[in-house]
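First comes the structure, then the notes that go with it.
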Amino acid sequence: MINNHPIREKPKHIIFNLLSLIFFLIFLSTVVSSQSPSYTTHKTQRLTETKTIPELIIADLNLTILKVNLASSNFSDLQTRLFPNLTHYERCAFEDCLGLLDDTISDLETAVSDLRSSSLEFNDISMLLTNVMTYQDTCLDGFSTSDNENNNDMTYELPENLKEIILDISNNLSNSLHMLQVISRKKPSPKSSEVDVEYPSWLSENDQRLLEAPVQETNYNLSVAIDGTGNFTTINDAVFAAPNMSETRFIIYIKGGEYFENVELPKKKTMIMFIGDGIGKTVIKANRSRIDGWSTFQTPTVGVKGKGYIAKDISFVNSAGPAKAQAVAFRSGSDHSAFYRCEFDGYQDTLYVHSAKQFYRECDIYGTIDFIFGNAAVVFQNSSLYARKPNPGHKIAFTAQSRNQSDQPTGISILNCRILAAPDLIPVKENFKAYLGRPWRKYSRTVIIKSFIDDLIHPAGWLEGKKDFALETLYYGEYMNEGPGANMAKRVTWPGFRRIENQTEATQFTVGPFIDGSTWLNSTGIPFSLGF
């Protein structure tokens, strides 16, 4: 065990001023944090006599930014002092927190700017605040002993006062998110006559053409070829050469071949598009895993943060294998990211839909345990989900969604998909129990709609997490599915399980309402339907 060092003392007058501001603004924000509608409405009316709720939220977020800067400074100081004695995993955990705190400041500044804008979009701001709450959860996960039971390289315990700062940031964000819900107005769901469209509106006409066109007809900006016939031989070099903070599409063509590298697209690499030669032809492969000392957040073969990322005709593979525990093939925290005809190949934790709004069309996802997980608002449409053969004695869970508050507009929606056994599981599927999902956090939300569910799924359908955790607060729903595994006669009887019986309830999880697909998918060029 590494000794815990005290956090460096700050000048007393700075602490006094900061605490004064904190107590004042926390008082304002907690006034509207009650879950009682009548109480909230009454207090909101009183507060808006002097300040509008957006102004209160801005004040709360500016306070939160101060706290994030304090947390970042303390994490950095602590990392510097402890670095020689930290394990590789512990260094990863510190790096994750510092990076996520930087992302937190970036997203909060965007939210403040948006709240001051005349074209205020409450849905976008709700998503930003939810993203930031997810960053705090991810930071603390890295230091959680319960999440690191696969090996013994987590010997350092984060000081309680630093944990409290992160939790306090989350509480502030929770208050802000709830205040936002008080004044936001949901857009009406599209009518059935309006949803049968080919593309969502957040994809531009140019991006639509890019996705429809064969690669030889695509005007790409850079090319990568392992045989030396492109601009670069590695994907990382091409990403480094791409512009920062681009507002227009930047296309990187990755010629067929196997590329053995871990690729990270930071937040500044926006509007990047990867185009390959097809599943199994353009393959990006690596093998980082939790067992080998990497944090789950750093295991991805490809990780993306910059907004507007698109991938087409590529295989993303983590080849660590079933014995290596968490080993992510792809991680997306890219808002308005979209994937078309891609493959995600791994075992445990294959596809990390970490945060923001995402869309997957005609993709193949392979895995064993929790192989689609995270807290994005994500829709899988016309895709195939394959359970692979796990280690002996393990149970298969297709999803592990991590929504942490009822106000968060996140969840996993599986629409018009196929839920199947992979070829290696088919001969032995009677030896393993497979489930549609299990809860990662208290308000976990996953729905299966108009999909084919094969006979590998256990009649109960869904798997408990730890004992009775989240069984009353989760939202797991099924609607108009087909196949031998779709029979709900013996499904779980948890309070949070829904046998969805009307189209209105199911419609809220389609592309239009759930990820605001009408506002951004058109620009990606990926075919989609806003409704069923």
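Cβ atoms are placed via backbone N, Cα and C, with glycine included.
Annotation comment: Swiss-Prot describes Asp349 as active site, proton donor, evidence class sequence analysis. For Asp370, the entry in Swiss-Prot reads active site, nucleophile. Here Swiss-Prot flags Asn62, Asn74, Asn85, Asn172, Asn221, Asn231, Asn244, Asn287, Asn382, Asn404, Asn502, Asn522 as N-linked glycosylation site. According to Swiss-Prot, the feature region 'Pectinesterase inhibitor 39' maps to 35-169. The annotation region 'Pectinesterase 39' is assigned in Swiss-Prot to 221-518. Annotation source Swiss-Prot lists signal peptide at 1-34. Annotation comment: Swiss-Prot describes Gln348 as site 'Transition state stabilizer', evidence class similarity to another entry.
Considering only the glycosylation sites Asn172, Asn287, Asn502, Asn522, Asn382 (N-linked glycosylation site) has Asn522 as its nearest partner by CA-CA distance. Using a 10 Å radius centred on the Cβ of Asn85 (N-linked glycosylation site) and all shown protein chains, the other Cβ atoms total 11. Sequence-distant contacts (6 or more apart, same chain, Cβ under 8 Å) of Asn231 (N-linked glycosylation site) comprise Leu222, Ser223, Val224, Ala238, Ala241. For Asn502 (N-linked glycosylation site), the nearest of the recorded positions Asn244, Asp349, Asp370, Asn404, Asn522 in terms of C-alpha separation is Asn404. In the three-state DSSP scheme, Asp370 (active site, nucleophile) falls into the strand class. Across the fold, the C-alpha of Asn404 (N-linked glycosylation site) and the C-alpha of Asn74 (N-linked glycosylation site) stand 25 Å from each other. Sequence-distant neighbours of Asn287 (N-linked glycosylation site) (same chain, six or more apart, CB under 8 Å from its CB) are Asn318, Ser319, Ala320, Gly321, Lys324, Ala327, listed in sequence order. For Asn85 (N-linked glycosylation site), the spatially nearest entry among the recorded positions Asn74, Gln348, Asp349 is Asn74, judged by CA separation.
Ranking the glycosylation sites Asn74, Asn172, Asn221, Asn404, Asn502 by how many other Cβ atoms lie within 10 angstroms of each Cβ puts Asn502 at the bottom. Only Asp370, of the recorded positions Asn62, Asn221, Asn244, Asp370, have a C-alpha within 10 angstroms of the C-alpha of Gln348 (site 'Transition state stabilizer'). The recorded positions listed here (Asn172, Asn221, Asn244, Asp370) include Asp370 as those with a Cα within 10 A of the Cα of Asp349 (active site, proton donor).
Asp370 (active site, nucleophile) has Asn522 as its nearest neighbour among the glycosylation sites Asn62, Asn221, Asn522, going by CA to CA distance.
The candidate set comprises the recorded positions Gln348, Asn382, Asn522. Of these, Gln348 has the most other Cβ atoms within 10 Å. Every protein chain shown contributes to the tally, and the Cβ of the residue listed as 'active site, proton donor' ends up with 27 other Cβ atoms within 10 Å.
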